[in-house]
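Asks: Grabbed the feature section from Swiss-Prot, which reads as follows:
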type: BINDING; residues: ARG41, GLY42, ASP98, ASP99, LEU100, THR101, ASP102, THR103, GLY104, LYS105, THR106; note: 5-phospho-alpha-D-ribose 1-diphosphate binding site
type: BINDING; residues: ASP99; note: Mg(2+) binding site
type: BINDING; residues: ASP102, THR103, GLY104, LYS105, THR106, TRP144, ILE145; note: GMP binding site
type: BINDING; residues: ASP102, ILE145; note: guanine binding site
type: BINDING; residues: ASP102, ILE145; note: xanthine binding site
Amino acid sequence: MSLPEKAFPVSWDQFHRDARALAWRLADNGQEWRAMVCITRGGLVPAAIVSRELNIRMIETVCIASYHDYDTQGQMKVLKSISPEIAKSGGEGVLIVDDLTDTGKTAAEVRAMLPKAHFAAVYAKPKGRPLVDTFVTEVSQDTWIYFPWDLGFTYQEPIAKGTRG
(Lines of atoms letter the chains of each structure in order from A and count residues from 1; the text may use other names and numbers.)
(Lines give C-alpha, C1' and ligand atoms only; values in the text may rest on other atoms or scores of the structure.)
Protein backbone atom coordinates (compact mmCIF):
# COMPACT_ATOMS: atom_id res chain seq x y z
CA MET A 1 0.00 0.00 0.00
CA SER A 2 1.51 3.34 -1.01
CA LEU A 3 0.98 6.46 1.06
CA PRO A 4 -1.39 9.04 -0.43
CA GLU A 5 -0.10 12.51 -1.23
CA LYS A 6 -1.38 13.89 2.08
CA ALA A 7 -0.29 11.22 4.49
CA PHE A 8 -0.08 11.85 8.23
CA PRO A 9 1.82 8.95 9.83
CA VAL A 10 1.56 9.00 13.62
CA SER A 11 4.12 7.22 15.82
CA TRP A 12 3.29 5.62 19.17
CA ASP A 13 5.12 8.46 20.95
CA GLN A 14 3.24 11.12 19.01
CA PHE A 15 -0.10 9.43 19.64
CA HIS A 16 0.61 9.10 23.35
CA ARG A 17 1.51 12.82 23.55
CA ASP A 18 -1.62 13.79 21.62
CA ALA A 19 -3.88 11.58 23.77
CA ARG A 20 -2.39 13.11 26.92
CA ALA A 21 -2.97 16.58 25.43
CA LEU A 22 -6.61 15.55 24.96
CA ALA A 23 -6.75 14.52 28.63
CA TRP A 24 -5.32 17.92 29.65
CA ARG A 25 -8.01 19.73 27.66
CA LEU A 26 -10.71 17.57 29.22
CA ALA A 27 -9.28 18.11 32.72
CA ASP A 28 -9.38 21.87 32.15
CA ASN A 29 -13.08 21.47 31.34
CA GLY A 30 -13.73 20.78 35.05
CA GLN A 31 -16.35 18.11 34.32
CA GLU A 32 -16.62 15.04 36.54
CA TRP A 33 -17.10 11.99 34.33
CA ARG A 34 -19.22 9.13 35.68
CA ALA A 35 -18.31 6.91 32.71
CA MET A 36 -16.42 6.74 29.45
CA VAL A 37 -17.63 5.18 26.21
CA CYS A 38 -14.92 4.40 23.71
CA ILE A 39 -15.71 3.77 20.07
CA THR A 40 -14.03 0.54 19.05
CA ARG A 41 -11.61 -0.12 17.69
CA GLY A 42 -9.93 3.23 17.15
CA GLY A 43 -11.03 4.66 20.48
CA LEU A 44 -9.50 1.87 22.57
CA VAL A 45 -5.96 3.26 22.73
CA PRO A 46 -6.87 6.89 23.48
CA ALA A 47 -9.50 5.68 25.98
CA ALA A 48 -6.84 3.77 27.92
CA ILE A 49 -4.63 6.86 28.10
CA VAL A 50 -7.40 9.38 28.84
CA SER A 51 -9.09 7.14 31.44
CA ARG A 52 -5.78 6.77 33.28
CA GLU A 53 -5.06 10.50 33.23
CA LEU A 54 -8.59 11.46 34.37
CA ASN A 55 -9.05 8.48 36.71
CA ILE A 56 -12.19 7.24 34.96
CA ARG A 57 -12.88 3.65 36.01
CA MET A 58 -16.24 2.89 34.36
CA ILE A 59 -15.37 2.22 30.72
CA GLU A 60 -17.89 0.99 28.17
CA THR A 61 -17.51 0.34 24.46
CA VAL A 62 -19.69 0.82 21.44
CA CYS A 63 -18.69 -0.91 18.23
CA ILE A 64 -19.74 0.63 14.94
CA ALA A 65 -18.21 -0.66 11.75
CA SER A 66 -17.97 1.89 8.97
CA TYR A 67 -14.68 0.91 7.31
CA HIS A 68 -15.29 -2.54 5.89
CA ASP A 69 -11.98 -2.38 4.05
CA TYR A 70 -9.00 -0.47 5.42
CA ASP A 71 -9.61 2.61 3.29
CA THR A 72 -13.23 2.34 2.09
CA GLN A 73 -16.03 3.67 4.26
CA GLY A 74 -19.34 1.89 3.84
CA GLN A 75 -22.71 1.63 5.52
CA MET A 76 -22.79 2.04 9.30
CA LYS A 77 -23.34 -1.16 11.25
CA VAL A 78 -23.73 -1.28 15.05
CA LEU A 79 -21.95 -4.44 16.18
CA LYS A 80 -22.22 -3.72 19.93
CA SER A 81 -24.50 -1.19 21.60
CA ILE A 82 -23.95 0.81 24.76
CA SER A 83 -25.18 -0.81 27.97
CA PRO A 84 -28.61 0.37 29.19
CA GLU A 85 -27.03 1.47 32.50
CA ILE A 86 -24.83 4.01 30.69
CA ALA A 87 -27.40 4.98 28.04
CA LYS A 88 -30.33 5.61 30.41
CA SER A 89 -29.28 9.19 31.23
CA GLY A 90 -28.88 10.12 27.58
CA GLY A 91 -25.16 10.41 28.19
CA GLU A 92 -25.13 13.01 30.95
CA GLY A 93 -21.74 12.83 32.68
CA VAL A 94 -20.43 10.47 29.98
CA LEU A 95 -17.27 11.06 27.96
CA ILE A 96 -17.16 9.53 24.46
CA VAL A 97 -13.63 8.94 23.14
CA ASP A 98 -12.41 8.11 19.64
CA ASP A 99 -9.13 8.41 17.78
CA LEU A 100 -10.56 10.42 14.88
CA THR A 101 -13.75 12.02 13.69
CA ASP A 102 -13.51 11.86 9.91
CA THR A 103 -16.77 12.21 7.98
CA GLY A 104 -18.79 12.46 11.18
CA LYS A 105 -20.95 9.43 10.34
CA THR A 106 -19.79 7.34 13.31
CA ALA A 107 -19.91 10.36 15.62
CA ALA A 108 -23.48 11.13 14.54
CA GLU A 109 -24.52 7.54 15.21
CA VAL A 110 -23.06 7.61 18.73
CA ARG A 111 -24.38 11.13 19.39
CA ALA A 112 -27.89 9.83 18.63
CA MET A 113 -27.38 7.16 21.31
CA LEU A 114 -25.95 9.61 23.90
CA PRO A 115 -27.09 13.14 22.99
CA LYS A 116 -26.00 14.67 26.34
CA ALA A 117 -22.49 13.16 26.31
CA HIS A 118 -19.25 15.06 25.73
CA PHE A 119 -17.50 13.82 22.56
CA ALA A 120 -13.69 13.92 22.44
CA ALA A 121 -11.35 12.78 19.68
CA VAL A 122 -7.61 13.04 19.30
CA TYR A 123 -7.87 14.14 15.66
CA ALA A 124 -10.67 15.81 13.69
CA LYS A 125 -11.32 16.46 10.03
CA PRO A 126 -13.54 19.33 8.84
CA LYS A 127 -16.62 17.18 8.05
CA GLY A 128 -16.56 15.54 11.48
CA ARG A 129 -15.43 18.54 13.51
CA PRO A 130 -18.94 19.94 14.24
CA LEU A 131 -19.83 16.68 16.01
CA VAL A 132 -16.88 16.67 18.42
CA ASP A 133 -16.70 18.86 21.53
CA THR A 134 -12.97 18.52 22.25
CA PHE A 135 -10.09 17.52 19.99
CA VAL A 136 -6.34 18.11 19.73
CA THR A 137 -5.37 18.35 16.06
CA GLU A 138 -7.35 19.14 12.94
CA VAL A 139 -6.18 17.68 9.63
CA SER A 140 -7.57 18.34 6.16
CA GLN A 141 -10.33 16.10 4.85
CA ASP A 142 -8.07 14.68 2.12
CA THR A 143 -5.34 13.64 4.58
CA TRP A 144 -5.09 9.97 5.54
CA ILE A 145 -3.92 9.37 9.10
CA TYR A 146 -1.79 6.27 9.55
CA PHE A 147 -2.15 5.18 13.17
CA PRO A 148 0.72 3.31 14.84
CA TRP A 149 -1.38 0.17 15.38
CA ASP A 150 -1.77 -0.08 11.58
CA LEU A 151 1.91 0.30 10.78
CA GLY A 152 5.21 -1.50 11.09
CA PHE A 153 8.15 -0.24 9.08
CA THR A 154 5.76 -0.59 6.16
CA TYR A 155 1.99 -1.12 6.10
CA GLN A 156 1.13 -4.37 7.89
CA GLU A 157 -1.78 -6.54 6.81
CA PRO A 158 -3.79 -7.74 9.82
CA ILE A 159 -2.83 -11.25 10.94
CA ALA A 160 -6.39 -12.40 10.27
CA LYS A 161 -6.18 -11.42 6.60
CA GLY A 162 -9.58 -12.79 5.67
CA THR A 163 -11.42 -10.52 8.09
CA ARG A 164 -13.03 -7.24 7.19
CA GLY A 165 -13.17 -4.05 9.34
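Here the Cβ of each residue, glycine as well, is placed from N, Cα and C on the backbone.
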Asks: On the three-state reduction of DSSP, what should I expect for LEU100 (5-phospho-alpha-D-ribose 1-diphosphate binding site)?
Replies: strand
Asks: If I take the alpha carbons of ASP98 (5-phospho-alpha-D-ribose 1-diphosphate binding site) and LYS105 (GMP binding site), what is the distance between them in whole Å?
Replies: 13
Asks: Rounding to the nearest whole angstrom, report the longest C-alpha distance spanning ARG41, GLY42, ASP98, ASP99, LEU100, THR101, ASP102, THR103, GLY104, LYS105, THR106, listed for 5-phospho-alpha-D-ribose 1-diphosphate.
Replies: 17
Asks: Reported as an integer number of Å, what is the Cα distance between LYS105 (GMP binding site) and ASP99 (Mg(2+) binding site)?
Replies: 14
Asks: Measuring Cα to Cα, how far is ILE145 (GMP binding site) from ASP102 (5-phospho-alpha-D-ribose 1-diphosphate binding site) in Å?
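Replies: For ILE145 (GMP binding site) versus ASP102 (5-phospho-alpha-D-ribose 1-diphosphate binding site), the Cα atoms are 10 Å apart.
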Asks: Have a look at the binding-site residues ASP99, THR103, TRP144 and say which one has the shortest Cα distance to ARG41 (5-phospho-alpha-D-ribose 1-diphosphate binding site).
Replies: ASP99
Asks: Please give the greatest C-alpha separation between any two of the GMP-binding residues ASP102, THR103, GLY104, LYS105, THR106, TRP144, ILE145, in angstrom, as a whole number.
Replies: 17
Asks: Including all protein chains shown, what's the count of other C-beta atoms within 10 A of the C-beta of LEU100 (5-phospho-alpha-D-ribose 1-diphosphate binding site)?
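Replies: Step by step: centre on the Cβ of LEU100 (5-phospho-alpha-D-ribose 1-diphosphate binding site), count other Cβ atoms within 10 Å, giving 22.
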Asks: Taking only the binding-site residues ASP102, GLY104, THR106, which one has a CA atom nearest to the CA atom of TRP144 (GMP binding site)?
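Replies: Nearest by Cα distance to TRP144 (GMP binding site): ASP102.
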Asks: When a 10 Å sphere is centred on the Cβ of GLY104 (5-phospho-alpha-D-ribose 1-diphosphate binding site), how many other Cβ atoms does it contain?
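Replies: A 10 Å sphere around the Cβ of GLY104 (5-phospho-alpha-D-ribose 1-diphosphate binding site) contains 18 other Cβ atoms.
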Asks: Among ASP98, ASP99, all listed as binding-site residues, which has the most CB atoms within 10 Å of its CB?
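Replies: The residue with the densest Cβ neighbourhood is ASP98.
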